[in-house]
Amino acid sequence: MVAIKEMKEFAFARPSLVETLNKKKKFLKKKEKRTFVLSIYAFITFIIFCIGILYFTNKSSAHNNNNNKNEHSLKKEEIELLRVLLEKYKKQKDGILNESSNEEDEEKYTLNSETYNNKNNVSNIKNDSIKSKKEEYINLERILLEKYKKFINENNEENRKELSNILHKLLEINKLILREEKDDKKVYLINDNYDEKGALEIGMNEEMKYKKEDPINNIKYASKFFKFMKEHNKVYKNIDEQMRKFEIFKINYISIKNHNKLNKNAMYKKKVNQFSDYSEEELKEYFKTLLHVPNHMIEKYSKPFENHLKDNILISEFYTNGKRNEKDIFSKVPEILDYREKGIVHEPKDQGLCGSCWAFASVGNIESVFAKKNKNILSFSEQEVVDCSKDNFGCDGGHPFYSFLYVLQNELCLGDEYKYKAKDDMFCLNYRCKRKVSLSSIGAVKENQLILALNEVGPLSVNVGVNNDFVAYSEGVYNGTCSEELNHSVLLVGYGQVEKTKLNYNNKIQTYNTKENSNQPDDNIIYYWIIKNSWSKKWGENGFMRLSRNKNGDNVFCGIGEEVFYPIL
């Protein structure tokens, strides 16, 4: 009986088959529902993702199209600067227009009197038509300026295209005004001879006055200034500093333009570069005077060039008792030497805002001498001598001699083991380097030994006097002005010559037929040095400069030859 009772209780306790199936069915329905919901969520997420991709793609495409269609597309900070410009020059422009109208009224009165008394009326009618065109341009300029100011004050993204269109119209009007003013250009004559210097100075002063006061030109130069800022990654603290830099840039830009246009005797051209927003005072601050090297240090650690190579045949032939004789050195050495063509000169590097030119000149010299000796060009560390050479002042200046002295006493790391930062580091990290190069001594060269030293040793570290004329160099043979003080170090990598009529401006390595030039009188030949700078490949002729010299290379132009050293491996 008990067993039967337990079996009944067990039977009642077990769930029926129907209940089990119902539970399973409910579970499956929940699972299907969850799967469906997840699928819906996934589908919605996919749709949102696709919409986002399309949106950003279209936005990017539209932005690129706008940039392609209009290279003068304005940004908010550009609009802000233009607003300040317009406000600043508003009164000046009104004054110019009033003066212009008064002058035109006086001229009209004079012309009317002349017309009444003069039989030749054709020229007067022509002058009246020119003035009426100029008045029309000025009135149109006023209207456009007012419209431009209206859009600038709104300062939103939607007006960018319209702002840019107006800017283009303003620039076109400005060109028309300048074209009309060419009819009134002056010719500067002294004793019936064209005075180029006078024309350059007077023309420069007149154009500077006009450009400085005319708001249309300031808008045009603002556009060029924005392009300059973008190309050279210029960032200023605030609008006041930006305006100050803009004024400096504008003056430098006009100076560059006038040099290229008016200075016909110059053998070189200028261009805008990373220094175009530097004032003369700022350049002096950046290019500090190089450290002085006392004579006792030179005597203690360096070897005179003639003593270093005293057994050399050329030394004995062209130097008597340590002094240069009168023999023509070019009877034994080539008239053109360019170590770039021999593959032992690295491409110019960029020292940045750090005053480390001395490090780049000396380390570049070690690289070239090492490559000349070992047939293998390596890159060594400028940053190491900036951080570790205690005789130098890091980014605050130095001298190639002290850089060589450091390597003589400590060796030098490879560049990839001690990378350049363009700033001083508190610690010297040369202990991390595995491979180093060492020097045995330092060579010293006199100004009348440069040609021979280049041929026998290789590239040389030299110092020059840099000013605002020098830094704006673009191409050609530089024969401009230089600073009296030596404030910059470069690497002398060769020399050359070219017939004046064949001097051309380009950024490629130039070679010339020396046999042709040898038949030319000296007055018809331009002699030059080839120097490697440390202001990047964008400066000068792919980072290099051709600098004027005399035939024997001993005229010390721009200071080349005063302090010359080289590493002895």
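In case you wondered, yes, glycine gets a Cβ from its N, Cα and C as well.
Matching Swiss-Prot disulfide entries to the candidates Cys395, Cys413 identifies the partner of Cys433 as Cys413. Around the Cβ of Cys558 (disulfide bond), the number of neighbouring Cβ atoms within 10 Å comes to 29. Of all the recorded positions given, namely Cys354, Cys357, Cys428, Asn479, those whose Cα is no farther than the 10 Å limit from the Cα of His488 (active site) are Cys357. Cα of Cys413 (disulfide bond) to Cα of Cys428 (disulfide bond): a distance of 12 Å. Here the candidates are the recorded positions Cys357, Asn487, Cys558, and by Cα distance the one nearest Cys395 (disulfide bond) turns out to be Cys357. When the CA atoms are compared, the recorded positions lying within 10 A of Cys357 (active site) are Asn533, out of the candidates Cys428, Asn533, Cys558. Comparing CA positions across the recorded positions Cys354, Asn487, Cys558, the one lying closest to Cys433 (disulfide bond) turns out to be Cys354. Ranking the recorded positions Asn479, Asn487, Asn533 by how many Cβ atoms sit within 10 Å of each one's Cβ puts Asn533 at the top. Among the recorded positions Cys354, Cys482, Asn487, Asn533, Cys558, the residue whose Cα lies closest in space to that of Cys388 (disulfide bond) is Cys354.
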